[in-house]
Amino acid sequence: MTRKIAVVGAGYVGLVTGVALAQLGHYVTCIDVDTTKVDQLNRGELPIYEEGLRELLLANREAGRISFTAHPKRGLRSAEVIYIAVGTPPKEDGSADLRYVESAAYDIASYATQECVVVCKSTVPVGTNEQVLQWIEKEKKEDIKVHIASNPEFLRQGSAVYDTFHPDRIVIGSNSSYAWDVLTEINAPFEAPIVKTDLASAEMIKYAANAFLAMKISFVNEIANLSEKLGANIEDVVSGIGKDQRIGEAFLRPGIGYGGSCFPKDTKALSHLGSDFMERLRLIETTVEVNDMQPSRLIQKAIKRYGDLAGKRMAVLGLSFKPGTDDMREAPSLSIVNGLVDLNAEVVAYDPVAMERAATIFEEGVDFASSVEEALTGADGVFILTEWPVIKNIAPDVYAARMNQPIIFDGRNCYGIEEMKEAKLEYYSIGRPPQFGQLISNPLT
Ligand code: UDX
């Protein structure tokens with residue numbers, strides 16, 4: 001059955017959700033306070049880059065199934081299903097700021113014109129959906145029935161469209177059988193297992209999933225750090241533990257820590273939520289702590305190698321928190337680049353898409369190169385911080401040919417250590433034996 005759907009918030013999640021629902025044949029209106037963004041979207045232009053999204057947006061706009069408005073009244077009129085997909089940024093103390101969710105709830109209360117299901121996609125602390133219902137109930141017209149449901153989002157940046165159409169599972173939390181039925185029907189075409197539960201459990205599932213994945217990363221990083229000291233190779237360790245099906249090899253890539261808009265924010269919010277209820281979540285707290293320390297470990301290696309970094313020309317390859325996006329939120333590159341600048345190194349950075357954004361973040365002491373080759377030319381060392389294809393495919397001899405001293409600090413384990421040994425390069429990575437090139441002994445010990 002085709003539904004009339006409103007999506008409040010045309011940010012990352014709202015946009016992908018709206019476009020996907022339109023693609024399923026529903027009539028979707030996305031509402032956003034940002035009029036510039038709304039105009040842009042109505043012209044078929046995307047404010048973010050996401051593979052495959054533009055094509056879907058254009059096709060559905062053409063078919064008249066999706067439109068954008070800055071007026072909640074217009075967007076919410078006669079909507080049968082209303083998705084809340086606004087941001088929940090962290091407050092200073094790490095807790096989630098719910099002001100945009102609250103304002104969406106009051107808009108729904110003021111402008112919903114018929115019985116509807118309000119679906120929360122935003123990641124919110126356990127208990128928020130009950131609160132959203134109360135905000136709506138307080139202000140809405142008496143004769144309109146509102147059902148509430150939590151339907152958390154698990155999509156990854158860079159593969160958001162694929163993830164939306166191929167989910168591992170769909171979680172629907174509600175206390176209303178009407179909401180369950182409507183959402184089960186809407187989600188049926190995705191052909192994924194549906195976990196039906198109550199509101200609180202659905203909210204908890206989202207935090208627990210992100211915290212668990214973040215914990216896997218901090219776990220592998222700790223084991224990598226120790227492997228390095230003991231002469232073990234983390235790649236073999238992961239392969240050895242991951243073949244145990246209870247562990248699995250996925251999401252155990254060691255590196256300079258997780259970044260992005262979800263893991264850092266959600267682990268801190270969960271930790272905060274625990275402390276609100278006198279429950280210290282020690283595993284989560286430590287996950288955050290290990291992650292905060294991880295970027296500086298690469299810099300420590302450079303300090304050991306050079307002694308003093310002042311005046312050394314350091315190339316930095318990759319700035320975004322992961323490949324496939326220009327997002328710099330909580331990127332490990334932030335603390336590494338700032339650390340190098342504080343040590344008075346001359347930093348020359350390159351990223352295939354994030355440099356424009358990075359230029360607004362790094363104020364002084366960072367130059368930007370227009371290519372990998374330019375960044376490497378004359379450098380005394382290189383820090384690899386994001387595993388973009390254009391970076392991990394650099395041939396080893398390019399380092400030797402371009403750099404003043406070919407010393408590589410690889411925060412993403414882009415190269416095999418044998419390959420670097422053969423190329424006689426000095427190569428320091430995460431959790432693997434160092435290759436010290438022409439030197440006769442390991443300068444880091
Ligand atoms: C993540 C979750 O995967 C998604 O389900 C959730 O809804 C939002 O948060 P995203 O932040 O887009 O998605 O990126 P993801 O690909 O999961 O990577 C997150 C961070 O972890 C990146 O900084 C990445 O470099 C790092 N990472 C990931 C590792 O360091 N090692 C790994 O093995 C995997």
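Yeah, the Cβs are placed from backbone N, Cα and C, and that goes for glycine too.
Just so you know, TrEMBL annotations are computer predictions that nobody has curated.
Quick caveat, the model's predicted, so the values are computed rather than measured.
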**Asked** In TrEMBL, D32, K37, T88, T123, K265 are given as binding NAD(+), so which of R329, R357, R402, R412 is in that site too?
**Response** R329
**Request:** Could you check which of the binding-site residues K37, T88, G255, K265, R329 have their CB within less than 6 A of ligand 1?
**Result:** G255
**Prompt:** Hey, of the binding-site residues listed (K37, K206, R329), which one tops the CB count within 10 A?
**Reply:** K206
**Request:** Report the same-chain neighbours of T88 (NAD(+) binding site): residues 6+ apart in sequence with Cβ closer than 8 Å to its Cβ, ordered by sequence.
**Result:** A96, D97, L98, Y100, V101, S122, T123, V124, K265, A269
**Message:** At a 10 Å cut-off from the C-beta of G255 (substrate binding site), count the other C-beta atoms across all protein chains.
**Reply:** 25
**Asked** So of all those binding-site residues, F251, P254, G259, which one's Cα sits nearest to D32 (NAD(+) binding site)?
**Response** G259
